[in-house]
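Working notes for the structure below.
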Amino acid sequence: MTDSQITAQILTESLKYFLKYRDQTVVIKYGGNVMIDEKVKESILKDILLLKTVGIKVVLVHGGGPAIGELLEKYEQKSQFVKGLRVTNKKTAQLALTALAGKVNKSLVQDIIRLGGNAIGVSGIDGKLIEAKPISEDLGYVGEITAIHPEIIERINQTDAVPVIASAAIGLDGEIYNVNADTAASRIAGSLCAEQFILLSDVRGLYGNFPDEGSFIDEINLTNLEKLVKEKKITDGMIPKIEAIKYAMQEGLGQAVLLDGRVPHALLLELFTDRGQGTLINH
């Protein structure tokens, strides 16, 4: 077959997936080390634009990547951590918001427009999208999410724009709170009853015995996932992601995928091919 015929065959095979996801909501969490490489970022954003073009309601939720740490260092704010959570005073919370909603969010919106799409950037503060309360006095302005109000996302989804959400939160006291971006994204996915929640990271997915490639898990249900957690076969860094996914699936999320965002066009390979690319988690 010629290259053109191969391309046509691939598109034909993808048709059933285009139809499956058309008019469905797919929430994508983008953050961490995946944000560092500009080529990786462009590949992810191009995939997102294609998803939008074929009629999928794509919602992009992001963390701060290295931007928060860089801004805190610039203003000589030392980071302290308690049980993996950054201790956040009021100034740190304001700087984190600047990095998230200012630098990172608007950069993503700009890049999507540059690539030929459209995007509207908001933070969890806008429209009280993400509400939170303080976890403890020791952590300062670190929040536990108490409610999601997705109306602003639903309105954006009625347009040709991709909603790009910075994972900051607002309290009933009017204060800004730092919340876990994975948790924020999963809660948004649950509130929208999304068909799919894709959590991009810098690992392939779940393993029964990490990093043994022979133990890679293509698909798993919640019951067997619980067994892996109890058997301590899930690495510590994955536990918060798993807990976030479990909560969202209880709230109405259809499926979740842990996916290596560094793989070129990983989103397309996951959604539009039979084999997929990462670990699919279902009910």
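Every residue, even glycine, has its Cβ placed from backbone N, Cα and C.
The substrate binding site annotation in Swiss-Prot covers G64, G65, R86, N178 and rests on sequence analysis. The feature site 'Transition state stabilizer' is assigned by Swiss-Prot to K29, K241, with sequence analysis given as support.
Structure with Swiss-Prot features highlighted.
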{"residue": "K29", "record": "site 'Transition state stabilizer'", "Cβ within 10 Å": "31"}
{"residue": "G64", "record": "substrate binding site", "Cβ within 10 Å": "26"}
{"residue": "G65", "record": "substrate binding site", "Cβ within 10 Å": "21"}
{"residue": "R86", "record": "substrate binding site", "Cβ within 10 Å": "18"}
{"residue": "N178", "record": "substrate binding site", "Cβ within 10 Å": "26"}
{"residue": "K241", "record": "site 'Transition state stabilizer'", "Cβ within 10 Å": "21"}
Mapped DSSP class for K241 (site 'Transition state stabilizer'), helix or strand or coil: helix
Residue pair K29 (site 'Transition state stabilizer'), N178 (substrate binding site) - Cα distance, angstrom, rounded: 16
Residues G64, G65, R86, N178 binding substrate per the record - widest CA separation, whole Å: 14
G64 (substrate binding site) - helix vs strand vs coil (DSSP): coil
R86 (substrate binding site): secondary structure state under DSSP, collapsed to three categories: strand
Rounded to the nearest Å - Cα separation of G65 (substrate binding site) and K241 (site 'Transition state stabilizer'): 16
Env. residues of substrate site, Cβ within 8 Å of mean position of G64, G65, R86, N178 Cβ: G63, A67, I68, G69, A96, A99, L100, A181
